[in-house]
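Peer 1: I'd like to ask some things about the structure below.
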Amino acid sequence: AARSRSLFLWDDGRPMRFYLRPGLAKLHLAPLVLAGGGKLCRVQEPGAVLLAQPGEVAPDGAVSTEYVTACVERNQRLPLEPFLLAPRGRLAFTEAEDAALLQAVRGQGTVRVSGRALWIELERSGLTRHSWQAMRDRYLRHLRPRLWEPPQTEDPMQIKGLFAAANREFESTESESGSSDIAELSTQDEVERSPGIIAPDLKTGPEDSAFPDVQLQRQERPKSTSSSSNVVAQVVKTMEHFMEKFAVDLFTVTQAFLKNSGDVEATSYFLQTGQRLDGYPVWSKEDDLDLQKDDEHVRNKLMAKFGAENVAKRILFRES
């Protein structure tokens with residue numbers, strides 16, 4: 001017999017509405033539901049039938065996806081009750097899903113992260129197996145607080161190690177993934193092998209530095225525990241402020257400082273807009289390689305691209 005076009009209509013003629021998370025199962029079932037007169041919701045709506053695959057952790061009231069195929073096979077609308085899935089508890093987030101959430105919200109403003117639109121978009125895209133409410137709750141309650149935890153150290157070499165490793169990441173890949181091994185940033189060997197860009201003196205003017213009166217050169221060591229602790233406290237305070245303000249992790253903030261030659265105001269603007277405050281491009285790996293060449297023609301090209309003042313600042317920043 002021909003398949004009924006009213007297969008998924010309620011008794012009063014209204015189409016049955018189904019919600020199923022994006023994925024292969026939805027791609028397979030969508031044509032069957034639509035051909036039978038039903039509709040699919042992009043987000044879970046009140047009154048919609050929540051479909052889930054057998055074996056999947058599902059909330060109370062979820063119906064097995066086998067309901068759709070069974071109706072089609074028998075060419076009749078069957079009762080929902082026999083296909084209800086037994087609740088199996090809250091669906092846990094995997095490490096991969098946590099990483100996907102952190103990547104998805106990178107660079108998003110605090111207001112957008114705290115709202116609904118972003119998370120609804122992520123649910124529609126099938127970023128994880130979870131609802132938008134669960135993803136937002138996971139990020140705000142569990143993931144974001146971890147990003148704001150300051151380094152548990154008073155050792156300036158820890159901070160130096162962070163900047164050194166971030167600089168290696170910047171010079172080698174300019175990766176936006178932020179997935180480098182931050183846990184290994186503190187070793188003395190890494191710091192000694194690293195280029196000269198390190199945490200202190202991000203100062204570009206008399207008033208705009210987050211780290212005043214600090215000039216740690218490559219081979220110089222702190223002269224006193226007290227002054228070193230003050231430097232670390234200033235660094236952590238600035239980092240925490242930017243992490244909270246822009247809802248990004250510590251590595252992203254560090255990379256932003258490196259791309260903007262340590263200028264605090266420019267870094268803040270870059271984290272907010274993705275662009276330089278003065279309209280010039282941000283420094284790239286290739287630009288820094290050109291900067292190291294003893295070639296007047298190449299240097300003139302950099303000055304035309306960034307301006308003579310910015311080139312001079314970049315040279316001083318890389319030597320600091």
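Backbone N, Cα and C define each Cβ position, glycine as well.
Automatic prediction, not curation, is the source of TrEMBL annotations.
What TrEMBL shows for this protein is this:
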- 12-83: domain 'BRCT' (DOMAIN)
- 93-146: domain 'TERF2-interacting telomeric protein 1 Myb' (DOMAIN)
- 170-210: region 'Disordered' (REGION)
- 243-318: domain 'TRF2-interacting telomeric protein/Rap1 C-terminal' (DOMAIN)
Peer 1: Quick one: average pLDDT across the domain 'BRCT' (12-83), no decimals.
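Peer 2: Here the mean pLDDT over the domain 'BRCT' (12-83) amounts to 91.
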Peer 1: Can you count helix, strand and coil residues in the domain 'BRCT' (12-83) using DSSP?
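Peer 2: Result for the domain 'BRCT' (12-83), in helix, strand, coil order: 24 helix, 12 strand, 36 coil.
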